[in-house]
Amino acid sequence: MFAELAPYLSNPRQTLAQLLNFALVLSTAFMGWKALSVYTNSSSPIVVVLSGSMEPAFQRGDLLFLWNNSPRAEVGEIVVYNVQGKDIPIVHRVIKAFGTGDGGKKSQRRLEREADKRSGPGLSSPVSHQMLTKGDNNIADDTELYAQGQDYLDRKLDIVGSVRGYIPAVGYVTIMLAENPWMKTVLLGIMGVMVMLQRE
């Protein structure tokens, strides 16, 4: 392998050009992701199903495409949300939806405090409608999964997006990379070598 790399190592200009090409590929992918985030209004427009809680609708490893431009999430809609303080997206179905303030005074106060924190002092912080979710394959609803003192999810504060499409099993690659961090290093190394070996 080193014999094949020798011509590139002896020619710094060509090596630099290949490295810049590799950086261009990575930056293009990053910009594409950001553009998709802006278009869908979602911080994570594509997510992977990590558990079997939504079977048979979705299996572990399915790749989901999200849309977050709708002001409401209706009963029966499948949404992805983040629990406060945790960075793990959960994919579950809406089983109850409430208009603004209909979710109970305790939940309403929490939502107003969260809205104030995120919007800053002196800015308006309207509270959107609330919802209760549940996995299709789960017996109980998600109340136990929510943050302490939280009774319902808030559409604006907690929801990453609503599922609009999916590709089965494709997400297993990312699950494998997450469960085996060394595979990321190997994959990046292989990509780097392939770029270096490309002929101009």
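Just so you know, glycine gets a Cβ as well, placed from its N, Cα and C.
Not measured: the values here are computed from a predicted model.
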Of N41, N68, which one does Swiss-Prot label N-linked glycosylation site?
N41
Do you know the mean pLDDT across the topological domain 'Cytoplasmic' (1-15)?
61
Just name the most isolated of the recorded positions N41, S53, going by other Cβ atoms within 10 Å of its Cβ.
N41
Candidates N41, H92, D142 (recorded positions) - the one closest to S53 (active site, charge relay system) by CA:
H92
Looking only at C-alpha atoms, tell me how far H92 (active site, charge relay system) is from D142 (active site, charge relay system), rounded to the nearest Å.
9
